[in-house]
Amino acid sequence: MAGLQLMTPASSPMGPFFGLPWQQEAIHDNIYTPRKYQVELLEAALDHNIIVCLNSGSGKTFIAVLLSKELSYQIRGDFSKNAKRTVFLVNSEKQVSQQVSAVRTHTDLKVGEYSDLQKTQCWAKEKWYQEFQTHQVLVMTCHIFLNVLKTGNVSLSNINLLVFDECHLAIQDHPYRDIMKICESCQTCPRILGLTASILNGKCDPHDLEEKIQNLEEILRSNAETATDLVVLDRYASQPCEIVLDCGPYVDRSGLYQRLLNELDEALNFLTDCNISTHSKERDSTIISKQILSDCWAVLLVLGPWCADKVAGMMVRELQKYIKHEQEELHRKFLLFTDTILRKIHALCEEHFSPASLDMKFVTPKVIKLLEILRKYKPYERQQFESVEWYNNRNQDNYVSWSDSEDDDDDEDEEIEEKEKTETSFPSPFTNILCGIIFVERRYTAVVLNRLIKEAGKQDPELAYISSNFITGHGIGKNQPRNKQMEVEFRKQEEVLRKFRAHETNLLIATSIVEEGVDIPKCNLVVRFDLPSEYRSYVQSKGRARAPISNYIMLADSDKIKAFEEDLKTYKAIEKILRNKCSKSMDCGNTESEPIVDDDEIFPPYVLRQDDGSPRVTINTAIGHINRYCARLPSDPFTHLAPKCRTRELPDGPYRSTLYLPINSPLRAPIVGPPMNCARLAERAVALICCKKLHEIGELDDHLMPVGKETVKYEEELDLHDEEETSVPGRPGSTKRRQCYPKAIPECLRNSYPKPGQPCYLYVIGMVLTTPLPDELNFRRRKLYPPEDTTRCFGILTAKPIPQIPHFPVYTRSGEVTISIELKKSGFSLNLEQLELITRLHRYIFSHILRLEKPALEFKPTVADCAYCVLPLNVVNDSGTLDIDFKFVEDIEKSEARTGIPNTQYSAEGPFIFKLEDYQDAVIIPRYRNFDQPHRFYVADVYTDLTPLSKFPSPEYETFAEYYKTKYNLDLTNLNQPLLDVDHTSSRLNLLTPRHLNQKGKALPLSSAEKRKAKWESLQNKQILVPELCAIHPVPASLWRKAVCLPSILYRLHCLLTAEELRAQTAIDAGVGVKSLPEDFRYPNLDFGWKRSIDGKTFISNQSFSAMERESDCRLDITTVPDSATSSAAHHVMYTQMNDQMSVNCTPPCPKSLSDLQGVCFSDDCKAINGITCNGLTNGNWEAESGVCFQKDELIACKQEIPEKSTSFHVQNLPNDNQPILNECTLSKKFLDGNVGKPISDECPSTCTSDINYESGLSSGYSSKTLGPNPGLILQALTLSNASDGFNLERLEMLGDSFLKHAITTYLFCTYPDSHEGRLSYMRSKKVSNCNLYRLGKKKGSPSRMVVSIFDPPVNWLPPGYIVNQDKNCDKWESNETSGESVMANGKIDEDFEDEEDEDLMWRNPKEETDFDDDFLEYDQEHIKFIDNMLMGSGAFVKKIQLSAFAPPDQNYEWRPPKKPPLESAPFRSEFDDFDYSSWDAMCYLDPSKAVEEDDFVVGFWNPSEENGGADAGKQSISYDLHTEQCIADKSIADCVEALLGCYLTSCGERAAQLFLCSLGLKVLPEVRKPVTNTSTRGNYSLDGRTNSELSCKGIEYGYLKIPPRCMFEHPEAEKTLDHLISGFENFEKKINYQFKNKAYLLQAFTHASYHYNTITDCYQRLEFLGDAILDYLITKHLYEDPRQHSPGVLTDLRSALVNNTIFASLAVKYDYHKYFKAISPELFHVIDDFVQFQLEKNEMQGMDSELRRSEEDEEKEEDIEVPKAMGDIFESLAGAIYMDSGMSLETVWRVYYPMMQPLIEKFSANVPRSPVRELLEMEPETAKFSPAERTYDGKVRVMVEVVGKGKFKGVGRSYRIAKSAAARRALRSLKANQSQVPNS
C-alpha cells in the first residue's frame, strides 16, 4: 500500500481547507474569470466560420439562434434590394419544426419552413423568389436546399449565413458535401456555422479523430472549436492527479466464490437454452430471470461473495412482488426458479460466514483497495487546526468567505468572526474533508457497495468518519415521463444529492448517470470502480474532481490493466486534440509553473501612498482585482459578468491586450495595454492599467477594493444624520419602536381663555339634522329630535379668531347632524362677573351633564393650554339673533336639581300635581335611588292611559304603586297621574361615526324588524317611571341632547384646526397653497364618502330606505361607493340586538349601561355563563369575548347554548323572566377580528372606503390646487386606522408611497447619470426607508398632530379649561363594597340595573396602531409570545391577574402597575414594545371573575418598562398621560408622512407634491440657488409639539429636473452601430404604438448586461430602475382613482397583484418584447424559451405568483415554471425609456402601457388575487409552518409547508420565494378541496 501516495487535502501543504469541496466559486487571481463556453463560441462564430462540437443539443440552438440574431441586420431589408437571407439546414424532415420554433421564439424574424422535397421540387423560380422575399430565415432539409441551388433558383451570394445541423455528415457522401462544393465556386461565400454533437461516438482512435476533424474543417471551410464540456470542464481548473491502481487477482481460499459462480453460470445457461417459442407480441418469459441472475453474477464478480449474498437477499424480496402480480403460469414458473437459485446462494454463503459481520476474505481486492484509499482521507483530530492562519488566506484564489455577506470589506476582526461562523454553518468542516464519488457500472453494484462501506465503517474505526450513500440515476433524467413509482425513487435520489451537497454525507456511490448534468459539489476524490469504457465516460467522471487538490483514481484488475493503459493513452490524446480545438484555446498547464519573480520590475505596481503598508495593486494581483470588480456589478442570477480580454500579437513580435469591462461598468471605453513580450504579461499589464483607471473614477475605494453600494460617493444625498440618542428600544423607523409625543393644540385655541374687558369672539355651534335615522334603524320607534327645532344651542367664547374649517357630521340618536362653527360676533368684551358665571356653567356642562370630571383632571382655565368657554346661546330680546343666554345660566345656578336630588316632600294635604308641559322637553331624575350619582332620563312619552294603579308588567306585584311601596316604602299622593316612558340620557359620547355602520360605512346585521317591534312594544322592555317620584332637571332635554354632542364636536374641531394649521404651515414652508384662506371661502364638508353605501341592500330588513336616500340640500354630492367596494367586512363588531347588548363604548369606570352582547349575559355575581365572560379593559371599551380566545382572524363560530333561565335583571323592579336570549352566538370572521395579532387580512384594517372628493363643491372659483388641500383630507392623512374613525390614512399612504418612490427615483436617475442601478437603488432605499421618513416627520412635528387612538372622552379627552393634575394621579378608590351588593359595570347597584339603551353597538376591537409591518408574520409570533408571558405571569401582571369587578364611576382613570407585584413577577421584556399601551389587547385575556380589590387596574397611566426591564427601577420608564400625550410607533409616523404626500398629490398635483417633499427635507428637485440663511437646525420640541425653528425653505428655489444629457457614448461609428443594433425594432414600435425620437433609449431598454456587442449605450438596468417606479406609480394612481373606490386592503392586494415581475414578464412576452431582447446568456436563453412556450400553452395571465403553474394534475412533482426576471425588467425599462424619450411625460407612458395592462386591471379588480403564501397564512394563521429551504438534485430549492393536522405540502422552484409560493398553493388547493367536502360537519 505504501506505493499509493495520494494528495489528500489533509496532507497538502496548504492545510486541509485548500481541498474543501465547498469552495464553489472561487475568484481567479491569475486569469480573467472565464466566460461561459457558449458565449465564447458565439464570439468565435461572429468572427469566422466555425464548427461547434458540443455535447448538448440546447447549447447548439443557443449559438445558432443568437448568431442569426446578431447578423439579422443583413437580412431585414427587401430581398430585391440586395438584402440577404439566412438558411438553416437540417438532415431530416423531423428536425425542421424544432429549429423553426426556436427561431420564432427568440426573434421577430419571419421564418419559412420547407420539409417536403416532392412538393418543393415542382416550384418555379418565381415561387422561390416569393418565399425568399417574404421570409428572412429559411429552415429546410439539405436535399431541398441542394435542389434550389442546383436549379439556380437562388444563389449563395444572397445568403448571409448557412447553418449546418449535424455537420459531421459532410464527411461521407451527403448533400452537405455537395452544397459546400457549390460554395467553393462562389466568390462571396456566406458565413458558415457547423453544429455537431457526434464527433466522438463510442471508441475512436485519436489519429482517426484528428483526421476526421481536419477533414471536416476542410470540407466546411471552418475551424472546429469545441466547448469545454468535452474537455475537463473548466480549462482553467487545476487538473486532478490521475492514478491507475492495479488491484491484483482475487484468491478464492474457501472455494465459495467458485461454487457460487458455477451455480449462477448453470442457471443462466439453463435459461438461455430454454427455447420457448415467443411470438413477437408476447413478452419473453425469461427476461426478468436473466436480468436478475446476471446482475447477481456481476456483483459476485466485482465485489465478491459477501456482496453477492446481500444482493441475493434484496432480489428475493423484489421477486416476491413480481410473483404476486404475475398472472401467466409460465412466467411464474421462471420467476420461482430464479427465486430458488437466489435462496440457494444465500444458503451457501451462510455456511461460510455470518451475514452480520464483514469478512475481508469474501470481498474482492478492488474493494479492499477502495477501503485503503478511503482510510487515507481520514481527517485529523480537530485540535491541530485551531490556529487562524490557514482558515482563510485572502490572497489565495480559493479564499472562501464563510460569512453570508458578499460585501465584506477587509476588517481586522473579520477573521475571528469567520472562525466562529464556521462552527455553526456546517456540521463541522473538519470531519467532512472528504467529498468523493465512486463510479460503478451497475445499479446493484452501487446499492451493495454502499452497504459494504457502511458495514466496514462499523468495524473499522479508521473508516467510521465516512457517511456514504448511493444514487443510481434511476429515472433521474430530466425529461422522461415519470410514474408514481419512479417519482418516489426520484424523491429519494434528490434527498441523497441534497445531503451530499450539504456535506451531510461525504461519499457518493453512483452509476454513470451522475456523470452528466447533475449539480454536484467539487469533489476531491473520484474513484472509477469499473474502468471507463469510452472517452466521454472518462472525461465526465474526471470532470467531477474539481476541487483544487483532487485525485482521480481508476481501479483495474490485473488482467485488464494492460488493455486499459492503451485506452488511457487514447483518451489523453483525444483530450489533447480537443483541447487545441478549444475555443480561445489557452493551455495553462504551464502557466502555474512559470516563475513569478520580478514582474514588479517589468511594470511598477499602482500604489496609493508611498509607504510600506499602503494598499497597492501589483502586476500579479491586478487580474484578481478586475475579476472581483466585475463580480460586484449588478446582474441577475443568470449572468456572471466577466471582463473580456483580447490579446493580439503585434507585427514586430510583442503582444498587446485590450480589456473590455462589462457594459454596466461606468468605465466603458476599451482599455488598451502596453506591448509586452509575452501574452500573459500583456494581459496582466492591461489589468493593472484598468485598476488605476477604476480607482481614479471612484469605482475602487482607497483599499483598492470594489466600492460597495453603501460607500456611495453621494453622501449629501443620504444626509447621514446622527441618529437621535434615545433610550427607546427598537429599530428606528420600525413598528417595534414607540415613543411619546405631546398632543398638538392648535395655535388658535392655545391660551384663548377670554379675559375681562378684552375683545372676544363668539362662535355659534350650528347643528342641523341632515340625514334623519331611517325607520329600520330606529328600533325603539323613538321620536327624532332635530336639533334645529329649538333655538337654544351652544356657542364658543374665545379670545382668538378661529379659522374657517369645513362643516362636519356627528351621529346622534336622531341621525346625522351637520355641525358648523360660525362667527356670531366679535370685538365685544365681558366683565369679570359675566365671565365667572360663564366659566362656572362651562365647568358644569363637563362635570355634571357629561360627568367627565375625575380626580386626575383639574379645572384651571387660566393655566390650561386650551381654555375657551362653551356657553348656551338663545334668541334674546326679540331681535331674532342669537346671543349669550345669561338668564338661562342664572336659572341653572339657582336650581336645586342642578347637581343633586331636590328634597321635595308631597303629602296628602299637598299632593303632587302633574303638569304636562313640564314634562314635554324634560330630563328627569328618580329621587329614590342612586343618591350619589342619580340617573337622568329623557322623557320619551307620557302614558296618559296608565296610572300608578295600572297592572304591573310582572306577576310579583299587582300595581306600580304596590311595587314602589314594597320595594322602596314610598307612598304616592296622586294616584291619577299618568306614567312616563323614559330613555336613558346618553352615555355614548363618541358620536364621530354612526352606530349602525361599521368603520367602512357598511351596515351591521340587524335582527328582523318584527322581533324588534314586538320587543319594543311590550311594556316589559320599557322603563316606566312615576312623575311624582322624579325631579325635573333644569337643563331641558333638547339642550341636553346637544350637550352630549359637545365632546365629539370640540374634538373634531380641534383636529380640523390642527390640520388647517398644518396646511398653512406647509404653504409657508413649501409654497404650496396660501397661508390664510380668503374670507368668503369655505372648504366642502367633511364626509366619509359613505353617502350612498347606506341603502336597502345593506340591511337585512327589507323596508325601503327612503329616509336615508333623501339627500338634504345642504349636502354636497360627494363621490360615493357602491356596495361592492365596501364589502370587506368590519373590523369592529357592532351588534344590534337591542335589549341584549353590550353597550360597548363605555369606559369601565363610568359606563351607564351594561347589557348583553348577543347572548352574553350577566348574572348577579358576574360569573361567566357557559364560559362566555365579559372580560378585559381594552382601551376603555368593554369587550365581550367568548370562552375561546379569538386568535388572529380565524373564523370562529362559537355556538353557545345559553341557559334560558339566566338571572333576570329588574327593569324598574319589573321582573323580567322571558328575557330574550339568543341561543347561539356565532361570531363570524366577518365581524370578529380577534384580539391577538395584527389583522392581516384585507378585511380588517381598512376603514375609509373613500377619500373624499373635495373638488366637487369648491365655491367661488377657488380650488384646492391653489389654496392647498382640504383640512378634512389632511386630517384623514393624520388619522391612523387605530383611531377607528370614519376615515384613515391607509389609501392616501399607498398613493403617497408610490409617488414618493417615483419622485425619488426620477431625481436620482437624472442627478446621477453615471451611477449604476445597484447604487441608485441603495440610495433610494435609504431615502424612502421608514427610518428616514420617520425622522423627517418628527422634525416637522407630525407626531403631535396625528390622531392615534380611538376618541374616548372619559378616558383620553381633555375638556377645554382642564389640566391634568399630576399629584392626584395616584389617588385611588380603595373599597369596592357598596351596601354589600355587587357593583355593576355602570356603577349602579345591580338590583336596579337598568337595561339601558345600547349606546354603542360597536364592538371596537382596539387594534394595534400599525397594520402591516414589513413582515406581518413576526407580529403574530410576538403577540402570542406576549400573551403566553402574560398568562405565565412573566409580565408585570402576576399569575392571578386581579381586576376590580368594575370600578365605580368617580374613580380616577389612570393606568398604574398593580400595587404590590409579588416578587416572582419578572420585569416587562422588550418584546412588548410593539404594543399600543392605550389599547391593551392583551388584557382581554384576564378573567374578571378572579378579581380582587387590592390589585385594582386603573386606566389612564401606563408604565411600560424599558428594554432591559424594570428590574433596575432607578431608570425612568416612559409613562404617559392619555389626555395630553400619545404613544406612536415610528413606522406610523413614516406612514403619516406618506399619507400627507398623497394628500398634497391628490389635491394640488405632482409639482406641489414634489415641493412638499423638498420642504420636508427629501430632495427630489434641483435647487436653483442657495438659501440666504438656512435655518434648518434640528427642531427642538417646544411644549406645543411644534418645532421651534421651522425649516425655512424660503431662501431656496426649486427648479425642474433635467433629462441626463447623454444616452449614447462618444464613439466614432455610433450612428452606424445604432442602426445595426436596432434593425427590425420599427416593428416593435408599431406594435406598442409609440415612435422613439431618440432610438438609443430604445436600444438601451433592450440591452442586457451580458450583451457586450452594444458599445454605444448602457444596459437596461438604470432604465429599469426608473421604469419600475413609474409603472408602480401609474398603476397605483389608476387603482386609487378607480371609481370603485377600493378599500385599503383591496388596494394593497391589487397593487401587489399588478406590480410584480410575473405580470410584467407575461405581458412582455405577450407583446413580443423577448424577440427584441439583446442578451448573451445561455441560461437566460433557456428560461425565456421555457417561459414563452409555457405562455403559449397557457395563453392567459395568472396573478400574484412569480410562478405560473405547469399542469396541475401531476400533484407529486408540482414544479413551478420560472419567470425570467429579465423579461419583467425590460417591460419596466421600456417604460423608463419612453418616459425619458417623451421628455418625462407620465401621460405618454400611460398611453402606451394602459392598453397592455387594462385587461388585467379589469380582471383583477373584479376578483382580487392574493399571494398564496398570504392567503394560506390568513386561512391557517396558527398552524401553517414553512420549513427552511432544501436543495434538490438539480440545484433548485424545495420548501415544505406543514399545516398542522392537515398535511404537508412541498413546492420546488429556483429560489426560496418561488418554492414557498408553490408549496402554499398546493396546501391551499388541498385545504379548499377538503373544505368543500365537509360543508355540513
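The chain as shown is numbered from 1 upward.
Using the three backbone atoms N, Cα and C, a Cβ is placed for every residue, glycine included.
Around K60 (ATP binding site), the same-chain residues at least 6 positions away in sequence with a Cβ under 8 Å from its Cβ are V52, L54, D165, L195, A197. DSSP classifies K60 (ATP binding site) as helix under the three-state reduction. Taken from Swiss-Prot, the feature ATP binding site covers L54, N55, S56, G57, S58, G59, K60, T61, and the record attributes it to sequence analysis.
Feature annotation from Swiss-Prot assigns Mg(2+) 1 binding site to E1293, D1371, E1374; the stated evidence is similarity to another entry. In the three-state DSSP scheme, E1293 (Mg(2+) 1 binding site) falls into the helix class. Counting Cβ atoms from all protein chains shown, E1293 (Mg(2+) 1 binding site) has 26 others lying within 10 Å of its own Cβ.
The Cβ of E1664 (Mg(2+) 2 binding site) has E1317, D1769, I1770, E1772, S1773, G1776 as same-chain neighbours under 8 Å, each 6 or more residues away in sequence. Look at Swiss-Prot and you will find E1664, D1769, E1772 tagged as Mg(2+) 2 binding site, backed by similarity to another entry.
The annotation domain 'Helicase ATP-binding' is assigned in Swiss-Prot to 41-217 on the grounds of sequence analysis.
Among the features that Swiss-Prot reports, domain 'Helicase C-terminal' is placed at 425-594. On the 0 to 100 pLDDT scale, the domain 'Helicase C-terminal' (425-594) averages 74 in this prediction.
In terms of DSSP secondary structure, the domain 'Dicer dsRNA-binding fold' (622-714) contains 29 helix, 17 strand, 47 coil. Feature annotation from Swiss-Prot assigns domain 'Dicer dsRNA-binding fold' to 622-714; the stated evidence is sequence analysis.
Summarising the annotation, Swiss-Prot assigns domain 'PAZ' to 887-1034 and lists sequence analysis as the type of evidence.
Swiss-Prot lists 1249-1380 with the feature domain 'RNase III 1', giving sequence analysis as the kind of evidence.
The annotation domain 'RNase III 2' is assigned in Swiss-Prot to 1625-1783.
According to Swiss-Prot, the domain 'DRBM' annotation covers 1808-1873.
Between E1293 (Mg(2+) 1 binding site) and T61 (ATP binding site), the C-alpha separation comes to 49 Å. Under the DSSP three-state reduction, L54 (ATP binding site) is assigned to coil, being neither helix nor strand. For E1772 (Mg(2+) 2 binding site), the Cβ neighbour count at a 10 Å cut-off comes to 25, with all displayed protein chains included. It is D1769 that, of the binding-site residues L54, G59, T61, D1769, has its Cβ surrounded by the most other Cβ atoms within 10 Å. Those residues of the chain, other than E1664, D1769, E1772, with a C-beta within 8 angstroms of the mean position of the Mg(2+) 2 site C-beta atoms are Y1660, Q1661, L1663, F1665, G1667, D1668, F1704, G1768, I1770, F1771, S1773, G1776.
Secondary structure at E1772 (Mg(2+) 2 binding site), as computed by DSSP, is helix.
According to DSSP, E1664 (Mg(2+) 2 binding site) sits within a helical segment.
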